[in-house]
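Features as listed in TrEMBL:
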type: REGION; residues: 58-86; note: region 'Disordered'
type: COMPBIAS; residues: 73-86; note: compositional bias 'Low complexity'
type: DOMAIN; residues: 188-339; note: domain 'Peptidase S49'
type: ACT_SITE; residues: 256; note: active site, proton donor/acceptor
type: DOMAIN; residues: 439-590; note: domain 'Peptidase S49'
type: ACT_SITE; residues: 455; note: active site, nucleophile
């Protein structure tokens, strides 16, 4: 079986990545090529010789804290410092001029039917399941983070919207997206309109978001499970042994957990340390936020959680929710609040319809200056494969084309690169890195990282002069793991034979899976992994204006939270998209109070033909999880920079993993 190199590392919630064999080969380009860019700084200490690409930045709006350059004194690389303290958001609902108000009224009168909203309506948004960082079309299902956030902004200005009724159910997204939505809830309340939350299922993540609402209700029968947070890692070594598969793994970077799933039966001490730190960051942030919301001490909140909260009545008694009401009772209350006196149901507009309301209709189209936003979300591949799901992941050749279009255009004054990726093909990551660097030579580029920017995802981000991350963005994972499967015992078990004729001492290194590696092959195997790690680490050091020794202290495959990455020089500022936009405006010399047009360059997904293609696949009986696994397997045919399958759990949605283990069980039953 072909050998593959994987640079993997960050925890990621996706069933198809749970068992993807982390196998590998990195680009063999020499380090001297890394310094070929005119803007490349020497590999010296970041504070002594700052990069000409990264000038001091000032937080301008919606800033949760100072940028890296404003922190004095600077700690040594790898040395922790206090995380940035959140500052008050600068978001304000501005009074529109009389001319703009008149234009808005006229546009509302002539708006097409799908953009018409009755006066006194309540915007009803149901937040549950997966939330994509990409734009969606009217033909697609699921939630889109940019459209959710835009709906909050539009509703704050829309005179037809009286308030928001937010249904919050189990979420399957990272904490960074939850923070972004929570920030918009807080900002929306500044409009003076109400935002009421309804939460039939209460876990830590759901409550973290819901408690930002002005009022929060739950049905008397609500499911409550406030027990704390867990982190888990699965191991397949024992299962593989039972079916006669022997993984041969070389892990470079003591914190690199990718490959452990195949090579180990338990968690290593280094990985345990890394995951414990991440868990402490997430849980500590949760306690801090909830205690601040309720005006209680952190210890009181922790004591309440440690008592085992499963009764919704306790949430009301302790003041965690406003009251126990059914959905119809909340809507009856809202109907009275908005002054609707007829006998009809509460006048509402849902998320899908309101997403089609144009910002121009509301006078929010922005000014003349344009800033492009390029979204890169999902696993990274170099080209689209036949098994690629509709609009799945980052296709390097397509993204490079968009980057070049933006670079060649004079209408864009700056660019925001929005990344939400666990990584993937390392060659593809490197090619995109090059294009992003060239783009940064022509105009300001700011990377804004969502839930995860690890391995290949961070590879892309580090090409930008400025990186902005949320407090809990999973960041870094600069390390490699190399491996191949030896299937000798499996072949003997099923009486399968494989013979190879070869020329060249190492010709069978990638082809011979019917025998273990010879000692000389194993030595070459290890050296190639060491070389791949050095290339990745050195390029990261150059990109972040660190010495190699400085980068080594924060690399070694370690995954950091956004706030820890900030204090160690991997990130320049902590915040969301609005923070990245403020920095982009400043670097493009656009006045802070001047309106701009934020132009989405990435194509919304999926299109109608892609939807029909997906339906065709379903009719053929291709299960979503199985199709995802097949797609991952087809993409592992070259350099990989991908994270592993560590899971952060609270309520534990294991549907995809159950399908995986059922598949393994079927294999074992077949051989018994």
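Numbering starts at 1 and runs along the chain as it is shown here.
The backbone N, Cα and C atoms fix where each Cβ goes, and this holds for glycine too.
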10 Å Cβ neighbour count around residue 455 (active site, nucleophile)?
34
Please give me the CB contact count at 10 A for residue 256 (active site, proton donor/acceptor), counting all chains in the structure.
31
If I take every residue in the domain 'Peptidase S49' (188-339) and average their pLDDT values, what number comes out?
90
To the nearest whole angstrom, state the Cα distance for the pair residue 256 (active site, proton donor/acceptor) and the residue listed as 'active site, nucleophile'.
11
